[in-house]
């Protein structure tokens with residue numbers, strides 16, 4: 001009963017053998033140095049290699065790990081295959097596992113010398129992995145690739161910096177959005193082409209839907225999508241998750257209570273069923289039982305595959321006093337190694353994919369580079385570019401080390417307890433904030449020690 | 001053993017004749033037992049003993065295997081668990097409570113139902129082997145498989161079970177996975193279905209070991225079915241009970257996958273079990289020191305439960 005099976009797609013035996021055979025023992029030896037934060041080999045490498053755009057060394061096999069288990073995985077795999085076929089001396093093999101497992105196994109794999117060369121990490125994971133010596137500083141990479149702050153959304157760009165050094169090359173942003181079922185709106189006598197944009201309209205629409213027998217806005221008590229909705233609302237009501245120094249939780253402010261109360265009221269007012277299970281709001285939307293669904297941009301392709309579903313997507317309505325929306329961001333990282341050839345080849349790979357980010361946008365992402373976002377090709381991706389209208393006010397979880405430990409122990413639980421009507425929003429948030437403060441304190445001690 | 005064999009067969013082994021060459025068979029005694037034990041002993045030392053001792057060492061530090069500083073904290077990780085309102089005490093004891101509840105709810109059905117199944121499967125009837133296989137079959141599945149399967153069946157909004165309950169005119173919105181006490185039903189029910197085959201097989205072997213002569217004797221004395229069960233089968237199964245109860249308690253106390261997949265700890269933390277919280281603390285938050293301390297507290301609790309169990313069910317005959 002304690003058996004635990006993990007949904008990992010490990011390297012296949014063949015991939016692993018190829019990797020070790022092709023590249024010699026470099027990888028295995030390279031990983032032994034874990035723990036040090038600054039790798040001199042990387043710091044001094046500015047002039048070597050092809051400056052990040054060209055690699056002329058011996059053939060290397062790069063392992064690229066990520067958590068693209070959804071509809072985005074095949075898009076990335078195709079890009080990787082294309083890259084490998086265009087580069088004689090760099091072969092990349094991609095492995096995918098669930099994000100939660102990925103963040104657990106990558107540090108151990110890198111430390112054990114069997115980790116990947118290149119990986120993807122969310123912006124709020126960069127601080128943790130930088131502090132733990134899992135990933136390398138990439139200032140010189142960013143420089144040699146000619147990446148500039150002005151080309152990126154400032155919050156995304158800054159999230160990659162830890163202790164004054166850059167650790168991540170931003171690939172995309174993936175905010176929350178409002179998916180709506182056009183047929184349900186039409187049946188309720190609403191305009192299927194103009195979804196609500198503010199609180200009054202949203203609530204009025206829900207009332208209309210209710211009178212036509214539809215619970216219009218299912219609220220999930222789980223992190224996906226309940227917590228994402230809570231975070232967006234918290235920011236909309238003018239609150240924030242933590243204080244300026246990320247040393248104290250502030251999500252139990254009046255704004256937080258208002259945000260969570262609004263979600264609970266959706267349940268109390270019968271706009272959402274009680275006890276929504278994991279993914280039930282998503283399934284109900286696909287089945288035409290849920291009219292408004294707050295979910296991430298990454299679901300575009302999933303909904304496109306559902307025949308008979310007449311849907312649209314829009315920026316989140318403004319429920320609070322200002323525009324705001326939760327967003328995550330994928331970043332390229334290079335894992336700890338002292339093998340210069342691998343670092344050079346990894347740079348070439350990152351640069352190449354980064355330039356194909358319009359292809360990646362098709363997978364359901366907003367490119368991190370402004371130049372790509374402003375291109376005609378991106379404007380042609382109707383859903384993606386609609387969601388990208390939110391870019392001026394996207395908000396991110398701060399990237400301080402250990403921040404990933406706080407959420408599951410604090411506001412994830414508060415949202416769960418409140419939405420399942422087990423606790424009052426304020427009580428749940430106050431208790432969660434107390435717990436969050438303890439973890440933040442622990443983390444400060446831990447990472448500053 | 002070797003000497004006995006020689007005496008019984010009367011055949012002299014060749015070694016004994018080549019005097020001065022090798023050891024006498026009787027001398028082999030010194031190392032032989034250890035050699036026989038060696039394969040297991042090596043595995044035990046490498047994978048159980050060394051990690052267990054190393055775990056104690058880890059639990060005395062604030063240990064993150066990737067951070068250069070692993071400060072010594074003495075017993076702080078343990079004391080924290082027993083200090084109300086410290087960072088880990090409330091969630092840890094909540095998770096221990098969830099594990100205890102799961103064990104309490106799952107062990108009785110897992111001890112009783114398989115016995116009934118075994119009694120039925122011990123009769124001779126057509127298709128007996130087929131049914132023996134059928135009851136055992138779920139046990140071969142992984143927890144991820146049964147977890148996802150039951151999550152779909154029990155889903156409060158879109159699940160099969162509520163759908164069929166509704167079709168029968170019964171309440172169709174029971175929150176199986178998001179509310180209590182339903183959450184416990186959602187964890188215990190699938191677990192019983194999943195693992196009862198294992199206990200049933202153990203019982204079945206036990207039943208086959210009960211001397212048929214005892215049943216005949218009881219029959220001659222005029223014992224009815226129930227009396228035969230009560231006075232022949234139950235005493236005959238006593239050592240098997242001890243084994244089944246002990247292993248079932250330990251297995252139930254190690255529950256993880258079901259609550260991780262089916263209820264996801266909901267509502268709040270109520271069904272988040274100890275192993276889950278320990279794994280999260282150690283492997284997700286990388287606080288291996290406090291996670292190790294928690295593991296030892298859990299292990300100690302289980303050792304005490306097992307001791308009590310042995311004391312209660314001890315085989316009294318000799």
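Cβ coordinates are placed from backbone N, Cα and C, and glycine is handled just like the others.
The feature domain 'ABC transmembrane type-1' is assigned by TrEMBL to B:96-309.
TrEMBL lists B:1-25 with the feature region 'Disordered'.
The feature transmembrane segment is assigned by TrEMBL to B:40-60 (among others).
Annotated transmembrane segment per TrEMBL: B:102-121 (among others), in sequence order. Away from its own ends, the transmembrane segment (B:102-121) comes close to residues 128, 131-132, 135, 184, 187-188, 191-192, 195-204, 206-207, 229, 233, 237, 241, 244-245, 248-249, 252-253, 255, 259, 271, 273 of its chain (Cβ-Cβ under 8 Å, at least six residues beyond either end).
For B:133-153 (among others), the entry in TrEMBL reads transmembrane segment. Below 8 angstroms of C-beta separation, residues 117, 121, 159-161, 177, 186, 189-190, 193-198, 200-201, 256-258, 260-262 of the same chain, each at least six residues beyond the ends of the transmembrane segment (B:133-153), sit close to that stretch.
Per TrEMBL, the feature transmembrane segment maps to B:182-204 (among others). Same-chain residues lying 6+ beyond the ends of the transmembrane segment (B:182-204) with a Cβ under 8 Å from its Cβ atoms: 101-102, 105-106, 109-111, 113-115, 117-119, 121-122, 132, 135-139, 141, 143, 146-147, 149-150, 154, 174-176, 237, 240, 243-244, 248, 251-252, 255, 258-259, 262-263, 266-267, 270-271.
Under the heading transmembrane segment, TrEMBL lists B:240-262 (among others).
Residues or ranges marked as transmembrane segment by TrEMBL: B:293-313 (among others). Long-range neighbours of the transmembrane segment (B:293-313) within the same chain, counting only residues 6 or more positions beyond its ends whose Cβ lies under 8 Å from a Cβ of the stretch, are 55-56, 59, 77-78, 80-81, 88, 92, 96, 99, 238, 241-242, 245-246, 249-250, 253, 274-275, 277-278, 281.
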*Who are the long-range neighbours of the transmembrane segment (B:40-60) in its own chain, taking Cβ under 8 Å and residues 6 or more past its ends?*
34, 72-75, 77-78, 288-290, 292-293, 295-296
